[in-house]
Amino acid sequence: MGLKVSSSMFMQSSVFKYVWLFLFDQQYFWITASLVVLGDAILTQLITRFVPYTEIDWETYMVHIDLYLKGERDYVNITGPTGPLVYPAGHVHIHRLLHLITDAGRNVARAQQIYGGLYVLSITLVCAIYKKAKVPNWTLLLLPLSKRLHSIFVLRLFNDCWSLIFVQAAILAFQSAWDDVGILLFSLALSVKMSAILYLPGLLVILFKRHGLFATIRHMLVLACTQTLLARSFLISNAKSYLQNAFDLSRVFLYKWTVNWRFVDERTFLSPAWAKGLLLGHVTVLIAFGLFRWCRSDGGVARVLQRGFRRPGLPAGLAPVDPDYVATVLVTSNLIGIIFARSLHYQFYSWYSQQLPLLTQRTRFPFIMQMALIGAIEYAWNVYPSTPFSSGLLLAANLVTLLGVWFGYPEGKMFSRRSNSNRSQVSQKKVFQKE
């Protein structure tokens, strides 16, 4: 009897040990990640099989490609059931391929399988980003829990998914200091959907600190040239039409689809003054993070700018631009843009859903509050149609998260660890000097 009890206790302790290692030991990160990715792949297949597909924009994408294949290159003349073509050229090239693979879009089941694979790739890329940012293993368990995100990929087939994949690959490249590859991937993301531009302010800070003025300008030229190359046929046909439709910063969205400003009346929502106010808020908050948060480790933004313009061929930053800093700055830049977006549609949740665990961990909030913020945001995105309460809750949770990052770890936790280590070394030196 005693032998059985001790054997049972040993087995329990061994199981507990491995669970602990899988959840908290970075050496076991990829084992945990593999289990999460495999489990989510199975879940995605079950959703695809048992939850009905809902047609929203897929048919319109295919109609646009039908017109493109017939030789139309003027964006003004490319339109479909739910509206005109309002996405950059990368969207067209990707959906031209999907048009071929899915029998002109009629084989929706095959398209769902493609998007299911895309979703699994997205989860894998997020795991890689989190690994480089030293995010705890247990965080990965939160990634498969979003009902809305699964829907966006395999039940709606939105083009946001392609932009997301390229953005995630770009973040991973920038974390690895493969900046030439990263800028190409970022340009591909921007060529699918203009929303990727929300990362640009944070990216400029990273490139300027890491390489200096000349290299930053070079990367921006690569970005512009890539966009031009991808859109060449459209620009030749009617450049003005292409730029106005694919990169229309003044586009007015329908009030009935908004997720974020439902508590504002429609007249205010559609007014130019409201749009200008949001733009002003967006720029102001970005400048505040640039001035007071993203350059603290380098002695402040004034010193970074001084070094950058005095020695334009050399890095402007002093502190290392590590993978945690890259991820934190980029997702924060994205969150700021989302908060001040004039309208958020349901598919736009894909822009930052998988970034929420990282963002909340860059605050100093207790674990319960971090989970509450993620839960509140997920809830708000699943209320259809949105209500004044759900919109207010979404705005509040997004703002609280951003404020948490401001007062928490805006340059990542690695910087905080280095600062604490340096302070400890300085204090030890002072002690020895006194002795």
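Each Cβ is built from the backbone N, Cα and C atoms, and glycine gets one as well.
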### Of 50-69, 390-409, the range TrEMBL labels transmembrane segment
390-409
### Query
With an 8 Å cut-off on Cβ pairs and a sequence gap of 6 or more, do the transmembrane segment (390-409) and the transmembrane segment (157-178) reach 3 or more such pairs?
no
### Message
Given a Cβ distance threshold of under 8 angstroms, which distant residues of the chain, six or more beyond its ends, lie next to the transmembrane segment (157-178)?
### Response
56-58, 61, 87, 90-91, 94-95, 108, 111-112, 115, 118-119, 121-122, 125-126, 128-129, 132-133, 185-186, 188-190, 192-193, 195-196, 199, 203, 206, 210, 321, 323, 326-327, 330, 347-348, 350-351, 354
